[in-house]
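See structure below.
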Amino acid sequence: MERRAWSLQCTAFVLFCAWCALNSAKAKRQFVNEWAAEIPGGPEAASAIAEELGYDLLGQIGSLENHYLFKHKNHPRRSRRSAFHITKRLSDDDRVIWAEQQYEKERSKRSALRDSALNLFNDPMWNQQWYLQDTRMTAALPKLDLHVIPVWQKGITGKGVVITVLDDGLEWNHTDIYANYDPEASYDFNDNDHDPFPRYDPTNENKHGTRCAGEIAMQANNHKCGVGVAYNSKVGGIRMLDGIVTDAIEASSIGFNPGHVDIYSASWGPNDDGKTVEGPGRLAQKAFEYGVKQGRQGKGSIFVWASGNGGRQGDNCDCDGYTDSIYTISISSASQQGLSPWYAEKCSSTLATSYSSGDYTDQRITSADLHNDCTETHTGTSASAPLAAGIFALALEANPNLTWRDMQHLVVWTSEYDPLANNPGWKKNGAGLMVNSRFGFGLLNAKALVDLADPRTWRSVPEKKECVVKDNDFEPRALKANGEVIIEIPTRACEGQENAIKSLEHVQFEATIEYSRRGDLHVTLTSAAGTSTVLLAERERDTSPNGFKNWDFMSVHTWGENPIGTWTLRITDMSGRIQNEGRIVNWKLILHGTSSQPEHMKQPRVYTSYNTVQNDRRGVEKMVDPGEEQPTQENPKENTLVSKSPSSSSVGGRRDELEEGAPSQAMLRLLQSAFSKNSPPKQSPKKSPSAKLNIPYENFYEALEKLNKPSQLKDSEDSLYNDYVDVFYNTKPYKHRDDRLLQALVDILNEEN
């Protein structure tokens, strides 16, 4: 009896703690004097309800028909408590389908948490836009650009395409933006007027939207700043982040003028703090759905979303319902080194990647800035999404009839695996596509995308189908620490029905999971074709006891596969926290795709080299000093570095055995220049004093050996390029793997001289 009483007390205590946590989360909300309601009777019914119940009718919410926003005549502007009695009176009205009091939402701008084409344009910062042009000194260096120039050379520059940036405003009178500014694609939802001009303050906090817009549409050849990816497109700004953000404001922004705007670019989302789980509210979700169904005269709005900057916080973008949406194209970042940056998040919903900032030694992104200024320090996935939006604008100029799903297929089929190949995590799915949780299907390639979109050859993808798979007899399954729940899901993918699916696009696993510590859960889904995808990785900072309620975990990793067969879901907790417990309450698998294979997928994807030299660190070994005679078989240089064949080298480019020969002069100068905090030199490097090059090669390779030992890393999967493993912090304050290598070289130089 005593044991049972003690057990009941413990259970009561756990429930009390959960109740406190839930109410604590709610207590942080700030409710505003606005109510959203769905009223099928139209404006007349909405006006009548407002008059009868003491509201002012503020108007329709964005493009959502029969959805209206009300303001109560006798309620404070803000309150920590919801006005439940007012909401109930409104929702109980027979003319109202649904009603909700609006509350403030925390939204974070996704900038980083730290803060031969050279003569093509006369814009002063054009030669710093390394991601748009091939700025290599020699062919041995990695090719970095997004293949935009070949598209421009076809005369495709974004003409006739309208992009709007959902952010903190747009300095539309900026010299490098004004010629391309479109007031019909602009609005200020913070102040409810048609001018999205940002609010100035001493810290220039509201520069984000102007920078994002500049990346897309900076004017070319006007002697100002740089050049936008789609420099003849039209750009607008939606000011919605510089004030209270509610579901109604988000819906109005996402659904603004969808008959005129082609592409919406958003570089924000819920907090990237490693513990938030949040997605679009009811209204924003409906705005997404309306956009893809009605936007662009029925072809569908293109929504481009930055994948998030919570990498350092251990965040996972599968907990962000905006990037996790089937309606958005989620874009991640790659650094100038071709690596996953320190801020990037991993998730199964990321579709593709463009460039952005990396470590402090890497160059960043150039754009327009507040006060008619320019910047070369735009950072984070915030900078990646607008570059993608600009590339999509080029595709829409080439083929205005592309649907929103056509665009996603084009991205999947043309993104490049090769330039990012030396990062861990790549896998080939059952349709032969290379995919990675860090990068999606790879680096965007503007030329390949626009070429495939050619209206003379492109065939629009078949009609979208949706097949829901669930077990009506499923009983809740318990899960505890160090435990595992395995669910086998056999499916015929609605075979024989109108919604049968033979070629997959998105896959959603919708589940309600109750758990005492949400961040300890790990969810993996294996497709019928054998592709294993992490839908949720552990998040150390997420201590919430709230679990997941009808949450959609979305994956693109099985794109193109035939779904027929048995899928396997694994939900585990390997944290070792013995007090953890919970249960899987319900689930369903939602398959999105087509009943027939899209035309462009009837032949397998063929991956070709993105660059003539493999795009990794080993490229520098073949680099030749431009000022020196190149070695030939007849006249070999004594200092040429020769490595063993791949069969005698260890994994990850480590050299266990190397033939004698000192490192090349060019290699050392490249490494030394890269270690500088300044931007890399734009001219050919001058010859260094010969004394600086007299380095015992044994020491050099010893340094390489120590710095590349996988055994020092905690996670074997990430042993090659996990740049931020905590174990390294104990010895050196350098956060980037290359920094440690370069510092070792500098130490050798100092010792020898």
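Placed from the backbone N, Cα and C atoms, the Cβ positions cover glycine too.
Note that the coordinates shown come from a computational prediction; the quantities given were computed from them, not determined experimentally.
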Pick from C317, C319, C374: which one does Swiss-Prot say forms the disulfide with C347?
C317
Scan C17, C20, C212, C225 and flag the one Swiss-Prot records as disulfide-linked to C374.
C225
Of the residues in the domain 'P/Homo B' (460-597), how many are helix, strand and coil by DSSP?
3 helix, 72 strand, 63 coil
Sequence-distant neighbours of C467 (disulfide bond) in its chain (C-beta under 8 A, six or more apart):
T491, A493, C494, Q497, N499, A500, I501, P563, I590, L591, G593
Given C225 (disulfide bond) and C317 (disulfide bond), what distance in Å do their CA atoms have, once rounded to a whole number?
33
Mean predicted confidence [pLDDT] for the domain 'P/Homo B' (460-597):
97
Looking only at Cβ atoms, how many others are within 10 Å of the one on C494 (disulfide bond)?
19
Residue among recorded positions N173, C317, S382 with Cα closest to the Cα of H208 (active site, charge relay system):
S382
By the 10 Å Cβ-neighbour count, the most surrounded of the recorded positions N173, S382, N401 is S382
Any idea what the Cα distance is from C347 (disulfide bond) over to C374 (disulfide bond), rounded to a whole Å?
33
